[in-house]
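Everything on this sheet refers to the single structure shown next.
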Amino acid sequence: MCRIQRMIEKYSECLYVKKRFLANEAVEHILTALSLSLLLLVSGTGIKISEINLFVSSLFVLFGECHWLAGAAPDDEEENEEEEEEQEKEKEKEKEKEKEEKEEEEDEEEKEEEKEKEEKEEEEDEEEKEEEKEKEEKEEEEDEEEKEEEKEKEEKEEEEEEEEDEEEEDDEEEKEEKEEEEDEEEEDEEEEGSSLLTLPLTQFLLANCTEHLRNTCALWLGTWSPKPGARDLMKALRKKDFRICFSKCGEPIWQRTGVLGSQIEVDVHSAVTRE
């Protein structure tokens, strides 16, 4: 009896541990135990009623476990399959949820990047506007400077023109004053020249020159003053340079009288030298 009970306990423990994987083996041992119990009952050995009740209750417990293993296993498989399907569905849902979360995160990142890009573009636009504004201001300043320089240049040119005009006026005044002085000097020289052509000089020239020269000198002395060479003549007479006098002023007279200039020049020069 103890042997049967140990067998029942052993295989009950195996049933709890291994469950449906030992179902066929457990049924075989249960049948063996039942056969053994029947033999014991038939043999009429002294088995107490309490031991029989314990044995029977153990058999029912073991039989109930075997019934559960044999009849409920397919249901468990279906349940397991359903559970696996549910788990797979849960996993798929989790994956889908993770995918959605990931997509949302990517969307958020894209939105952030787009926002940053827009902000950067706005900043660049602002910088470009600032640069354009600074460039325009700089160009305006340069234009103002050019206008100022042009204005200063015009003023300077006007001042230079005024100075030149004043200088020209001063030069003109100086020239006029100089001409007036020269005219006065000429008038003085004319007066001096007329005093030089005194009777003794005329007589000296006439007395010491040839007949042709005397005629020329007489003609020249009587008609020299209105001719264009009067100024040079006055200067020549004042310096007593008769060579210059006759070379500058006597040419028209030589042409009139037919007297050669060289003859006059030599005769007058010799006459003056003798004087």
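Glycine residues also receive a Cβ, built from the backbone N, Cα and C atoms like all the rest.
Note: TrEMBL annotation is automatic and uncurated.
Here TrEMBL flags 72-198 as region 'Disordered'.
Per TrEMBL, compositional bias 'Acidic residues' is recorded for 74-87 (among others).
If you look up TrEMBL, you'll see 88-100 marked as compositional bias 'Basic and acidic residues'. When DSSP labels each residue, the compositional bias 'Basic and acidic residues' (88-100) comes out as 13 helix, 0 strand, 0 coil, counted as helix, strand and coil in that order.
According to TrEMBL, the compositional bias 'Acidic residues' annotation covers 101-193 (among others).
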Tertiary contacts of the compositional bias 'Basic and acidic residues' (88-100) (same chain, 6+ residues out, Cβ under 8 Å): none
